[in-house]
Amino acid sequence: MTPIVAVVGATGTGKSALSLDIAERLRAEGRAAEIVNADAMQLYRGMDIGTAKLPEVGRRGVPHHMLDVLDVTAEATVAAYQEEARRAIGGILERGAVPILVGGSGLYVSSVLFDYDFPGTDPEIRQRLERELEATGPGMIHRRLRELDPVAAQRIGAHNGRRLVRALEVVEITGPQPERATAEPRPWHPARILALTLPREELVPRLDARVSGMWRDGLVDEVAGLLSAGLADGVTASRAIGYAQAARQLAGELSEEEAMEETRALTRRYARRQVSWFGRYADAVRLDARDDRLLEHALDALPAARP
């Protein structure tokens, strides 16, 4: 059975480049491959510079899925993503190609790879919890979640208010889960996970340089255009790292240097969470992103995907 190839890792480790290299090599060997995005912010049309989204010309003729599928005013939900991404993967498999899942949004990746089930939503509960978040901050929500679902509280951390609200909403809908099993759920489909790693002392300078490049490449102008398209009303998109800071710069709330430095700090924190999340994938093949033979080592781990 053709497996899903998942290329995961922290921001700045070279996931997109490796996924394209794998797809090109498979194509040269007579096996088609298609890429499925698993970066939550790359779902949004027009959010290109700040998400390091590959332009069409940079995709080397490899079909890509789950890019530019939402307006910035729409809310991204992992449940909707799971459904659409799995549908895309099903189509790829039917065409006899190899699906390559690529991204750093941990829950989005896991929602595809594993047998996750996402409860529905309750607008009244959600609105009440969002009011509480606005009034008290994420710390209080996190403490409540820790009492009711300690596994979720530990996974999310104390700062991600939007995800804490969603987790507490799920608990209120489904009931407390103080003893929920911590074992990874069953795989949805056979998969080979390639996890790119990089020492923190080398990753941080890459991340800082990436943020500087975002501003140099025109992130502020991109955000100005998105604000006219309703970015400020987007529950998910308006909070994206870099975009929120550029919007505050445009509003005169931050200087350019303050906006960049806040983005750097948040990007470093996000990368730490990514490393922690993907570190829990026990069956992943760990690959050093600095390796001169990275592609060869990645392909060595994919015998079932090759002709």
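Cβ atoms here come from the backbone N, Cα and C positions, even for glycine.
Here the structure is a predicted model, which means the values were calculated and not measured.
Listed in Swiss-Prot for this protein:
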- GLY9, ALA10, THR11, GLY12, THR13, GLY14, LYS15, SER16: ATP binding site (BINDING)
- THR11, GLY12, THR13, GLY14, LYS15, SER16: substrate binding site (BINDING)
- SER105: site 'Interaction with substrate tRNA' (SITE)
- ARG126: site 'Interaction with substrate tRNA' (SITE)
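Everything Swiss-Prot records as a feature, shown here on the structure.
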residue : record                                 : Cβ contacts under 8 Å, 6 or more apart
GLY9    : ATP binding site                       : LYS15, GLY104, ALA195, LEU196, THR197, LEU198, GLN274, PHE278, ALA289
ALA10   : ATP binding site                       : GLY104, LEU196, LEU198, LEU203, ALA271, GLN274, VAL275, PHE278
THR11   : ATP binding site                       : ALA52, GLY104, LEU207, ARG210, THR267, TYR270, ALA271, GLN274
GLY12   : ATP binding site                       : LEU198, LEU203, ARG206, LEU207, ARG210, ALA271
THR13   : ATP binding site                       : LEU196, THR197, LEU198, LEU203, ALA289
GLY14   : ATP binding site                       : LEU196, ALA289, LEU294
SER16   : ATP binding site                       : ALA52, LEU54, VAL102
SER105  : site 'Interaction with substrate tRNA' : ALA38, ASP39, ALA40, MET41
ARG126  : site 'Interaction with substrate tRNA' : VAL165, ARG166, GLU169
8 Å Cβ shell about GLY9, ALA10, THR11, GLY12, THR13, GLY14, LYS15, SER16 centroid, ATP site members excluded: GLY104, LEU196, LEU198, ALA289
Output field, substrate shell: CB within 8 Å of site CB centroid, site THR11, GLY12, THR13, GLY14, LYS15, SER16 dropped: GLY9, ALA10, ALA17, ALA52, GLY104, LEU196, ALA289
Coarse DSSP state, helix versus strand versus coil, of THR11 (ATP binding site): coil
Cβ neighbour count (within 10 Å, all chains shown) around LYS15 (ATP binding site): 24
For SER105 (site 'Interaction with substrate tRNA'), the three-state class that DSSP assigns: coil
